[in-house]
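This report refers to the structure that appears directly beneath it.
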Amino acid sequence: MYKLQFLSCIALTLALVANSAPTLSSTKDTKKQLEPLLLDLQFLLKEVNNYENLKLSRMLTFKFYMPKKATELKHLQCLMEELKPLEEVLNLAQSKNSHLTNIKDSMNNINLTVSELKGSETGFTCEYDDETVTVVEFLNKWITFCQSIYSTLT
């Protein structure tokens with residue numbers, strides 16, 4: 001009788017592992033990857049907020065799309081799809097500033113980290129909210145998303 005329960009437990013464990021259920025080590029890895037992503041997003045927000053009023057007002061005219069509901073790592077695909085427009089906006093405003101290299105480094109870091117975190121799932125399609133957001137709102141919302149995911153892993 002106990003043998004059947006034991007075998008059922010093993011089968012369930014194998015099914016979870018095979019379907020990429022989070023394990024303790026993957027949770028730690030995810031947390032380690034989320035930290036630099038969060039720092040890079042915060043850096044970009046700080047850079048955006050440091051612009052002169054004229055540049056910031058111009059940057060705020062560009063609109064970005066946010067997913068309707070971002071609650072899982074797979075939703076990072078939506079961030080990835082908006083990285084190119086974000087980089088273009090930041091480059092426009094930074095054209096004569098020495099921080100351009102730092103911004104490019106942060107954008108590259110974000111791109112690599114998001115690719116690692118979201119995994120190889122290619123079938124996910126983002127469902128975007130109808131309303132667009134400014135660059136400041138965009139960065140704030142993704143920072144909040146990362147903090148939320150991070151807090152669920154603790």
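Even glycines carry a Cβ here, placed using N, Cα and C.
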Looking at Swiss-Prot, which one of CYS9, CYS78 makes a disulfide with CYS126?
CYS78
For CYS78 (disulfide bond), which DSSP three-state class applies?
helix
Measure the Cβ-based neighbour count of ASN111 (N-linked glycosylation site), defined as the other Cβ atoms within 10 Å of its Cβ.
16
Could you find out if DSSP has ASN111 (N-linked glycosylation site) as helix, strand or coil?
helix
